[in-house]
Amino acid sequence: MQVYQGAKASPGLVMGPVRRLRHSGPGLERVVQTPGREQALLNAAVVLAKDELRLLEEAAEGTDKDIFLFQQVMLDDPGLNREIASYIAAGAGAAPAVERAAQLYAGRIEAAEDEYIRQRAADVLDACRRVVNILDGRPRTPLRLETPCILVSECIYPSDIVSIGRGMLLGVACAEGSEQSHASIIARTMGIPAVVQLGDDFLNENCAGGAVLDADNGRLILEPDETVRKDAQRRIVGSSILKKRLAALGAGPCRTRDGAHVALLASCSGPEDVELAMQAGAEGVGLLRSEFSIMAGRIPGEEEQYYFYLSCLQAAGGKPVTVRTFDIGADKSVPGLTEDSPNPALGMRGLRMSLAHPQMFEEQLCALLRAGARGPLRVSIPMVSCPEDWLRAMEHVERARRSLRRRGLVFNEEMEFGCMVETPSAALLAGDILAAGCKFLVVGTNDLVQYTYAADRLDGRFSDYFSSRSPAVHRLVGLVIDAAGEAGAPVCICGVHAGSPNQVVRYARQGVRCFSIEAASLLQVKARLLEEDLTAPAAD
Ligand code: PEP
Ligand code: MG
């Protein structure tokens, strides 16, 4: 038995046979022809690769689609293609030219400061590997698994996960990789346990006896002994019982023992997870992070966005949906929009970014106003820190309305606009922002903790500020609750505190009756609230 420690990329515990995934295999012998012929071969291979990627994009769901779209866009990238063409012109074969250009290009991306951009290096390598395999005549049929397996490899690409049937992939264990990579994100959205950064020693071990992948603890156990197997079986059975018990709580409203109704909404990023959240019993969507629909780098136009919001409304099945306008910036970068900034979390982010790109902002507002005529949709604006910010945003809303009237398009004149409370300033000035016309408040505790404690939410060394009691944030939220109470405006709490049953009970005792929670935590919070009597003295 061998135990390897890595980092959790997607939670869960599985046990089963192991299958090694190798990304390179023998191809045809490489023969270099004239530059013109090599360029022609390359062009044909790129067309074929894009066709394959298009098929993968069609088969993928939600944000996973964007990854394959991004890879198609990468293959058309003029910079990358110029680089490849220059090697071919200098006498290199098409395949080595692509390999070399891909390495250099990915290397440059990896040097970027932004973690999200850095992670896109794997997508460039994945797309180029596909072209090279075509040029080399390597078999590119998707890995077919006959039995459900744990896949082990140096690294894993998004296409590996999507091309394997959902039920066949038990888990993923990689020597390298990171929690932020697209492959890890896909594993999380598909509910596939994954561990990264295991080091490459385990790849040389005998795995005939199968493995236990304990992703909850970032661990891979090869050839587990009887005790480890029994323990894993016990935990797997235990967690499925817990899941069933929690799922049974899904139906019906959330009422505390003293009869208070607490609305549990879901925080989502697109129609797929809206549907999952509705199945988990969410009463609506309290935060739709619209920017996740554009993370692949292309900002959809008004029409495309309009249909995207309609599909979210449809997935919510008539329940209310609050869409947040793009919160681009800080760790959510979009190539071509976000720029280097000495302190990105305090720089061009959220509303500031939208105000700097008025056409983008107004197209989004038009799409939202139109979708609002088709279902219960309201809009929140991110990173409003004072009434002036709010009024600037509303000028664009008015312009969007005028544009829709001019074009004779149907939209909801009465659609409600509210704002996120994510900075201490917004909490302190909540009453003034409401007086300026804001209709509701959504408290984002991820950023409120970050900006209150000056603790970077991306730096794991400061995670205690986010998991501990945060009395300063409680006081600020108290001010928000009071201001909202005076103005008669609703308040919803989302972010890290909304996923913690203890914090939710605390805020419920302060009078909050609406939370927006990631679907994975929703039932745990509900189970706790059902047991709680908000009128009884607090335990602490
Ligand atoms: C928050 O800040 O709590 C929030 C929900 O927004 P995001 O995590 O998207 O910044
Ligand atoms: Mg936020």
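If you go along the chain as it appears here, the first residue is 1 and each next one adds 1.
Cβ coordinates are placed from backbone N, Cα and C, and glycine is handled just like the others.
TrEMBL lists 5-120 with the feature domain 'Phosphotransferase system enzyme I N-terminal'.
As annotated by TrEMBL, domain 'PEP-utilising enzyme mobile' applies to 146-202.
Summarising the annotation, TrEMBL assigns active site, tele-phosphohistidine intermediate to H182.
Feature annotation from TrEMBL assigns domain 'PEP-utilising enzyme C-terminal' to 244-531.
The phosphoenolpyruvate binding site annotation in TrEMBL covers R289, R324, N446, D447, R457. Taken residue by residue with DSSP, D447 (phosphoenolpyruvate binding site) is part of a helix. Within 10 Å of the C-beta atom of D447 (phosphoenolpyruvate binding site) sit 24 other C-beta atoms, taking all shown protein chains into account.
What TrEMBL records for E422, D447 is Mg(2+) binding site. Proximity of E422 (Mg(2+) binding site) to non-local residues of its own chain (separation of 6 or more, Cβ distance below 8 Å) is seen for G350, P382, M383, V443, G444, N446, D447, L448, Y451, given in sequence order.
TrEMBL lists C494 with the feature active site, proton donor. In three-state terms derived from DSSP, C494 (active site, proton donor) belongs to an extended strand segment.
Close to R324 (phosphoenolpyruvate binding site) in the fold, though at least 6 residues off in sequence, lie L287, L288, R289, S290, E291, V379, S380, I381, P382, M420, V442, each with a CB less than 8 Å from its CB. Here C494 (active site, proton donor) comes close to S267, G286, L287, V442, V443, G444, T445, F515, S516, I517: these same-chain residues lie at least six apart in sequence, with C-beta atoms under 8 angstroms from its C-beta.
Closeness to ligand 2 is met by E422, N446, D447, these being the recorded positions among R289, E422, N446, D447, R457, C494 whose Cβ falls under 6 Å from the molecule. Ligand 1 lies under 6 Å from the Cβ of the following recorded positions, listed in sequence order from R324, R457, C494: C494. With helix defined as DSSP H, G or I and strand as E or B, the domain 'Phosphotransferase system enzyme I N-terminal' (5-120) counts 73 helix, 12 strand, 31 coil. The average pLDDT computed for the domain 'PEP-utilising enzyme C-terminal' (244-531) is 91.
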